[in-house]
Amino acid sequence: MSKATYKERAATHPSPVAAKLFNIMHEKQTNLCASLDVRTTKELLELVEALGPKICLLKTHVDILTDFSMEGTVKPLKALSAKYNFLLFEDRKFADIGNTVKLQYSAGVYRIAEWADITNAHGVVGPGIVSGLKQAAEEVTKEPRGLLMLAELSCKGSLATGEYTKGTVDIAKSDKDFVIGFIAQRDMGGRDEGYDWLIMTPGVGLDDKGDALGQQYRTVDDVVSTGSDIIIVGRGLFAKGRDAKVEGERYRKAGWEAYLRRCGQQN
């Protein structure tokens, strides 16, 4: 588990995307990623307007939106990301052969590679998924892109454990510049081999313990103390009538204080 500061890690990271993200985290004093699964662009943009100042990263599932368009959804999202200084992460969870994911990432309705700074993929199909996605990014844009591998999940009964997790970590080692880290519940090591992987952890909640569909929540302190660099919070920010601005600051503060404790800068 890294005890270096985000600023220190930004200065030495081989990935431009990861370095930019670490710098944003340092400058805004936040390690909060907002996961906003809503059905309309209007709802999405309203929540982003409220949460933008508190987050380092926005995680989307644009295939949930009933009215998605590049002009009506992506353009204003990119404007908000510039206004409030956060990156965009499309939680696509690619899981197919290299040529197929290359097309899914670059083409179709969503053209993810054009606008999302970060996306993610399962390791189930092997290292070809990394090379396919990287090729797509290089062909579509000159902007740097980053990939997260799904090493562990937060849902009850997940099969992403043990040898599967180990195999996914091995796949991540195939490309130090493009693969920037993992969706995981804990530190994934690698520093002794020269890797500085970002760990992003979903299933973080200060109030709820889970839901009826198998989601299991862990506290902010728990995930950060076991190696998470970025806490991913969804319904805890806006569901059940919650005030997104209030909850955004609450989670930002909790995440930042947990990070300072991990780095030895706060008791």
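Don't overthink the numbers, they just go from 1 along the chain as shown.
Just so it is clear, glycine is given a Cβ too, placed from its N, Cα and C backbone atoms.
Noted from Swiss-Prot: of Lys7, Lys173, Lys253, the annotation ubiquitin cross-link belongs to Lys253.
Looking up Lys93, Lys102, Lys240 in Swiss-Prot shows the ubiquitin cross-link annotation sitting on Lys93. In this structure, the binding-site residues Ala95, Ile97 were compared by how many other Cβ atoms lie within 10 Å of their Cβ, and the smallest count belongs to Ile97. Note: the CA-CA distance between Lys93 (active site, proton donor) and Thr60 (substrate binding site) rounds to 11 Å. According to DSSP, Asn99 (substrate binding site) is assigned to a helical segment. Under 8 Å, Cβ to Cβ, and six or more positions away along its own chain, Asp37 (substrate binding site) finds His61, Ile64, Gly234.
Least crowded of the recorded positions (Lys93, Lys209, Lys253), judged by neighbouring Cβ atoms within 10 Å of its own Cβ: Lys209. In the structure as shown, the Cβ atom of Ser2 (N-acetylserine) sits within 10 Å of 18 other Cβ atoms.
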